[in-house]
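The domain 'RNase H type-2' feature in Swiss-Prot is assigned to 1-187; the stated evidence is sequence analysis. Residues or ranges marked as divalent metal cation binding site by Swiss-Prot: D6, E7, D98.
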Amino acid sequence: MICGTDEAGRGPIAGPVVAAAVILDPDNPIEGLNDSKKLSEKKREKLSLEIKEKALYWAIAQSDPDEIEAINILWASMKAMQRAVEALPVKPDMVLVDGNRVPELKVPAKAIVGGDASEQCIAAASILAKVERDRQMLKWHELYPQYEFDKHKAYGTPKHLELLEKHGPCPIHRKGFNPVKRLLANL
């Protein structure tokens with residue numbers, strides 16, 4: 001069994017990094033899988049439901065902003081992917097990882113640059129991770145509406161930076177990330 005894993009949320013300046021691990025059913029293909037960044041939100045939502053229904057196994061895990069601050073975004077991403085793979089109810093024979101590094105795993109793993117566009121199982125993981133992270137950011141928006149997380153999902157857009165400057169950071173902002181770090185240095 002081949003597992004694909006990927007993360008979503010390395011670039012934003014707030015919120016968790018979320019990872020998913022997916023083992024697809026070769027006898028039950030899913031049409032339209034691709035890198036989550038190349039799909040519309042509506043398409044990702046639709047595919048996310050189909051992946052959860054048709055995949056043999058899937059799991060989602062994350063690293064929260066405090067962990068990101070403690071160990072940096074790269075290692076937090078690796079930890080989230082490791083947790084997602086370990087949360088599967090079975091041990092895969094091989095794990096394909098999007099990117100150029102592999103997390104510490106108890107099974108063989110291979111890094112594939114651009115794997116979210118070339119490997120169906122990684123694309124599926126990419127979609128699950130992105131949809132879950134976006135949902136979490138909508139929940140954070142309910143708690144902190146002044147940052148408009150519902151619009152930019154915590155990426156450093158001009159509007160988000162403007163709101164960050166106006167209101168200061170909230171508890172889920174990544175204080176070690178440059179726009180937030182600069183703001184805190186000037187307080």
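For all residues, glycine too, the Cβ spot is worked out from N, Cα and C.
Feature map: annotations from Swiss-Prot on the structure.
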residue	record	CB count, 10 Å
D6	divalent metal cation binding site	32
E7	divalent metal cation binding site	31
D98	divalent metal cation binding site	25
Review point. Across the domain 'RNase H type-2' (1-187), what is the average pLDDT of the model, as a whole number?
Key: 96
Exercise for review: Using the recorded divalent metal cation site (D6, E7, D98) as reference, state which further residues of the same chain have their Cβ within 8 Å of the centre of those residues' Cβ atoms, listed in sequence order.
Suggested key: T5, A8, A19, A20, S77, M81, V97, G99, G115, D116, I122, A125, S126, A129
